[in-house]
């Protein structure tokens, strides 16, 4: 029966509650409850139920697959459209220069960056669940694509048939190289799209949880270093090969330094000028964000200025400045990717698929939380998969969410993906109408855009100090992700970082914190006895808790910590008892020998010392009459055992299973061994707060038998304490 009353204090009002109930074991509690009846279903029934279709279910699946059908009919035109138009234009003017620039990272001609900024962005409008993220080219993914393209089509392979210095041969060499690299990039998008689609349809959206925040931040910081070093040659106007794989950063830096004397001064001046202008523009946008109606589109301004200066001064001919070159007008006809390349790039496609999804879903969750709506991780996988898969037939490379463009799309008033569709239409206009105008654009301008956009990623170096203060393990994850991705390449670095992150999880569960609990006086609340002065243990009762599950990796440490914390080692106690019993047996044997010797001596000297023996018999020794066994202490075995055998200081041990989520077969055997060992030394073991799923696992593992019964399971620690006190009372 429960009563609640308010106790009014002079300074505070405190609620109190009083409960009167029996002491519950798990068995007693389950006996008083009535389980809900659930008819078991066969596999056939489950399949039939999942395949059963109704109009409501079909409509739900259709809306889930095409979210636009849900929000577009209810689109408030007057309220949302103005903001979406401004946001779409602002994002579109960023899509154009970033598409051109990130194509260089992907090791393909710039026009393919425009294709990747149109098809996937337009498709995401129909299939995506986030209202604010901007899909398209992104530095990290483009860098990963470029690494695979360069690895599969290195300069050395293509240059075999083009040793002539003739300009025509040189152009043919570049065309052949770029064509093959485009095939690799397109096939990579095709394969990563299929992987994302399969993961989404199989409801595997949870895979992103294995890419923790420290891992992603360390990985993207290393990717920023890769991107920066890859752009140095464009900024300086130097001709060097592009490297991929382990130590590619070092090779790239060495290659640039070895040809630093051939720097094109005109390209360097143009690039540095663009960097200064872009940094000034970003600083103005940041400082006057609240006063500016829309951010200043410095990237497109720099592109326009750079193109005009290059065309007016003829930088390509006069100063040998590398330019974007031919931009084909119009869209390409769809083509099937090179399927035979799939075995060579399969692992890379998995890495790109997972990293791309992780980037998109993390930004989607941030905006959804800020604006009060929900996103579906599985549908995001399907949406990205469709964008990559369909886009690959139209020569676009792998895409994901861009952080910088997403922030612009949200901050300029974007409410839905109508803004994204408008930005893709702006890119389409450039492709079909005015793309040729950007042919004189110097590549150093695109390098400047890429480098300045890395500013936010380079700020992540500040994570080192943050994680040093908050979590050394997360710092280790960040450092491993950064160093491995920097030195081994983005693909192997990511695999190494994920493996290390999983090892840290195993380490944490393998080395949990152990503590002894005691009650706060006058309550049924139990806390760490070493942490609070008020908390005291019950006499003869130890309450042990580990903040982890019990399984093969930590079962040995669990047993060791239990013995150390309680101060009772059953094996040591039993060994001491056996030692005491042996010593007792030796003492009895020695006493019997002494007794026999005394009797023999007395028999031999009986005549010579008869009077003396009689005299001794009549005199009391220690208050008793002497005997033939005088001088030998006659102690009963029971009295001797009670005197020398070690006895434990406790009579009951309670294991708190509140934090335990699962127990495997090794953990169950360990637990059974603990119960039996402590029982042998006279200590009863109870298990408190064991959850239903854990009890089911123990039952399935045949944990309970005649010696270990369900009566040792208690509903709470306090129930177990009261039961232990009653047993000893």
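Cβ atoms are placed via backbone N, Cα and C, with glycine included.
Just so it is clear, the model here is predicted, and its values are computed rather than measured.
Taken from TrEMBL, the feature transmembrane segment applies to 100-127 (among others). Distant neighbours of the transmembrane segment (100-127): 65-68, 134-139, 142-143, 145-146, 149-150, 178, 181-182, 185, 227, 230-231, 234, 242, 303, 324-325, 327-328, 331-332, 379, 382-384, 386-388, 390-391, 394-397, 399, 417-418, 420-421, 423-425, 427-428, 430-431, 435, 438, 441, 443, 446-447, 449-450; these residues of the same chain sit at least 6 beyond its ends, with a Cβ under 8 Å from one of its Cβ atoms.
Taken from TrEMBL, the feature transmembrane segment applies to 133-150 (among others).
Under the heading transmembrane segment, TrEMBL lists 184-211 (among others).
Residues or ranges marked as transmembrane segment by TrEMBL: 249-280 (among others). Cβ atoms under 8 Å from those of the transmembrane segment (249-280) belong to residues 225-226, 229-230, 232-243, 298-299, 301-302, 305-306, 309-310, 315, 319-322, 442-445, 447-449, 451-452, 455, 486-487 of the same chain, restricted to positions at least 6 beyond its ends.
Here the transmembrane segment (292-313) has Cβ contacts under 8 Å with residues 86, 90, 93-94, 96-98, 100, 270, 274, 277-278, 280-282, 284-285, 319, 321, 323, 408, 411-412, 437-438, 440-442, 445, 448-449 of the same chain, all six or more residues outside its ends. The transmembrane segment annotation in TrEMBL covers 292-313 (among others).
As annotated by TrEMBL, transmembrane segment applies to 341-369 (among others).
Long-range contacts of the transmembrane segment (381-398) within its own chain (CB-CB distance under 8 A, at least 6 residues past either end) are made by residues 65, 103, 106, 108, 112, 115-116, 118-121, 123-124, 127-129, 135, 137, 141-142, 144-145, 182, 185-190, 192-201, 204-205, 331-332, 334-337, 352-353, 356-357, 360. Annotation comment: TrEMBL describes 381-398 (among others) as transmembrane segment.
Under the heading transmembrane segment, TrEMBL lists 418-438 (among others).
Beyond the ends of the transmembrane segment (477-507), by six or more residues, the same chain brings 140, 143-144, 147-148, 210-212, 214-219, 221-223, 225-226, 244-249, 347-348, 351, 355, 463-464, 467, 553 to within a C-beta distance below 8 angstroms of the stretch. The transmembrane segment feature in TrEMBL is assigned to 477-507 (among others).
Here TrEMBL flags 531-724 as domain 'STAS'.
Among the stretches 133-150, 341-369, 418-438, the one making the largest number of Cβ pairs under 8 Å with the transmembrane segment (184-211) is 341-369.
Per-residue confidence over the domain 'STAS' (531-724) averages out at a pLDDT of 78.
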